[in-house]
Amino acid sequence: MLLLLAEYLQQFYKGFAVFQYLTLRGILGVLTALSLALCLGPWMIRTLQNRQIGQSVRNDGPQSHLSKSGTPTMGGALILSAIGISTLLWADLRNHYVWVVLLVTLAFGAIGWVDDYRKVIEKNSRGLPSRWKYFWQSVFGLGAAIFLYMTAQSPVETTLLIPMLKDVSIPLGIGFVVLTYFVIVGSSNAVNLTDGLDGLAIMPTVMVGGALGIFCYLSGNVKFAEYLLIPYVPGAGELIVFCGALIGAGLGFLWFNTYPAQVFMGDVGALALGAALGTIAVIVRQEIVLFIMGGVFVMETLSVVIQVASFKLTGRRVFRMAPIHHHFELKGWPEPRVIVRFWIITVILVLIGLATLKLR
């Protein structure tokens, strides 16, 4: 929005041309979203407390979690508001990738909001029934996948890139739609499963989002893309503004979500952020790198799959409790130790993901 204004004002003062720089608008996106989250956070927490919108805690979980009962939830609305406002202010709204990522994020956030509303406000422990949750996730995921497939400007935009192998890629054709669907929906649910401890999901999301922002910037620049042997995706660089907003909003939310949390993001935040990461990774053709960098999300998801499959097949549980962060808690790890160690793992995995830019 402000970019369009700056372009108009350039005829009166050439200094406004500085807003053409993606890096500047990315930084402004971070600072704007961070400021919004920090300023609106206390008000939102008070509002949630006054309306008694608090988290319910399972009795069969770690005993240390019982003290969390009643902590305000649905704080993900703060993250989405900060991301949305910052992106609309600083991104080029003529760029269709910006709208795809923003609309997917808000759509999955709406699914999470309905789920949280039914659980917290209507006191329905089931929330939004799983079949309806996955139905709407499928609708929005497939919608985004089909749109990206139909608007692809070159074959490389629908080709699966294999990291570290410069001469190996797989043309997907219509299979691009299937892969994109699974990446978006899978990423959304993986982040949601990870969101079980104070700050556990948001910091890895920020780190992975920041790394994807680097991929967006490089993929959107033809010279960098050619030098690094990554797909050149015209217009993808503009997503650095969204990624910047995600970083700022995430850090602002972490201010209130760090142990002991004053607010939880709820499904409204977790489902939306996961879908955003998946959509961005698809656009810049880095699905496998997302799998690497988001290893914590993958580990959490696999722990649930393994636990359920093992119990159904053998009647035994592999872990003391799933997702796996609860397993470590029940082993005696203090919650902050679990959180920080998962953060450290994410730092390592993100560095490995970034290293694939040169390892070819």
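We number each residue from 1, going along the chain as drawn.
Quick reminder: no glycine exception, Cβ is built from N, Cα and C everywhere.
As given in Swiss-Prot:
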type: TRANSMEM; residues: 25-45; note: transmembrane segment
type: TRANSMEM; residues: 73-93; note: transmembrane segment
type: TRANSMEM; residues: 97-117; note: transmembrane segment
type: TRANSMEM; residues: 132-152; note: transmembrane segment
type: TRANSMEM; residues: 168-188; note: transmembrane segment
type: TRANSMEM; residues: 199-219; note: transmembrane segment
type: TRANSMEM; residues: 236-256; note: transmembrane segment
type: TRANSMEM; residues: 263-283; note: transmembrane segment
type: TRANSMEM; residues: 288-308; note: transmembrane segment
type: TRANSMEM; residues: 338-358; note: transmembrane segment
CB contact flag for the transmembrane segment (199-219) and the transmembrane segment (132-152), at least three pairs under 8 A: no
Which of 168-188, 236-256, 263-283, 288-308 contacts the transmembrane segment (73-93) most, counting Cβ pairs under 8 Å: 236-256
Distant-in-sequence neighbours of the transmembrane segment (168-188), which means Cβ under 8 A and at least six residues beyond its ends: 104, 108, 134, 137-138, 140-142, 144-146, 148-149, 152, 155-156, 158-162, 270-272, 274-275, 277-279, 281-282, 287, 290, 294, 297, 301
Candidates 132-152, 236-256, 263-283, 288-308, 338-358; stretch with most C-beta pairs under 8 Å toward the transmembrane segment (25-45): 236-256
Stretch-level contact, the transmembrane segment (236-256) and the transmembrane segment (338-358), CB cutoff 8 A, at least 3 pairs: no
The transmembrane segment (263-283) versus listed stretches 97-117, 132-152, 338-358: most Cβ pairs under 8 Å: 97-117
Beyond the flanks of the transmembrane segment (338-358) by at least 6 residues, Cβ under 8 Å: 163-164, 197-200, 203-204, 207-208, 210-211, 214-215, 218, 228, 230, 259, 289-290, 292-296, 325, 328-329
